[in-house]
């Protein structure tokens, strides 16, 4: 059992009640939680009577979650794995899949993981703790590619200015700490009194998404979920910024036959829908939840219900996403 004061216990999963209601019925259901994190959704699903296969690419999250495995054995399996590979962990179709996209609050709270500029730590940001770091990206990528990352993945209006500043500064002293990069961006862009959002927020978001290939991971995860859900099964996705939410919206729209094509393109044969939406649009946090959990402010939940149709092609182009240079191909 989780001990009082444990980080996992302090974690509050966002939109929990809408998620549970949207994935019902759960008694005896086989559910994949593709983003275990601190275990908030998994515990709630287990308490509702489900059998859960939980995945997380972060080895720390998997270690911390072993007490939950012991508590709910044999109804819980917890594995270190990217959720894009969830189709490899089941032999039979499942009743539901839930994905909570992005960094967990547990990762944000640990300064040494380097996800947050609010707590100074190394420029790391790796969820799986393997591969190149955010520091590698900042100190080694070409200026133009940095600007593109900040612009596309962070929707940062000052992307070019910030990239030029980074290129100039790193020649003298490389960026090694989150606080150093955040202060440099704030000094360049400025911050008006009363501004709620720190000027480095979007750059840090972009770096985290790039380091962990979160866009590619989400696309592959949506395709994988489509392949493992039984007819009537439900896919719930919680996202925290517009980039992710647009991808999820576009996926459900395309899979339900709702994607609009250009009038200049030739007509194509209609394909059977593999999903239909449980509700129109996205669910957001209630006033009560916003008061209890400010992190839920930007959360959006979309749920699709699987039809009997065969899976469609796994075409990454349906997301209409701009290409970004690979780390190896962009190093200066």
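Even glycines carry a Cβ here, placed using N, Cα and C.
Values in this document were obtained by computation on a predicted structure and should not be read as measured data.
Feature annotation from Swiss-Prot assigns S-adenosyl-L-methionine binding site to 39, 40, 41, 56, 83, 100, 107. Counting only same-chain residues at least 6 apart in sequence, those with a Cβ under 8 Å from the Cβ of residue 41 (S-adenosyl-L-methionine binding site) are 13, 16, 19, 33, 35, 98, 100.
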What number of additional C-beta atoms lies within 10 angstroms of the C-beta atom of residue 56 (S-adenosyl-L-methionine binding site)?
27
Looking at the binding-site residues 39, 40, which one has the fewest other Cβ atoms within 10 Å of its own Cβ?
40
Which chain-mates of residue 83 (S-adenosyl-L-methionine binding site) that are at least 6 residues away have a CB under 8 A from its CB, listed by sequence?
34, 35, 55, 57, 99, 217, 221, 224
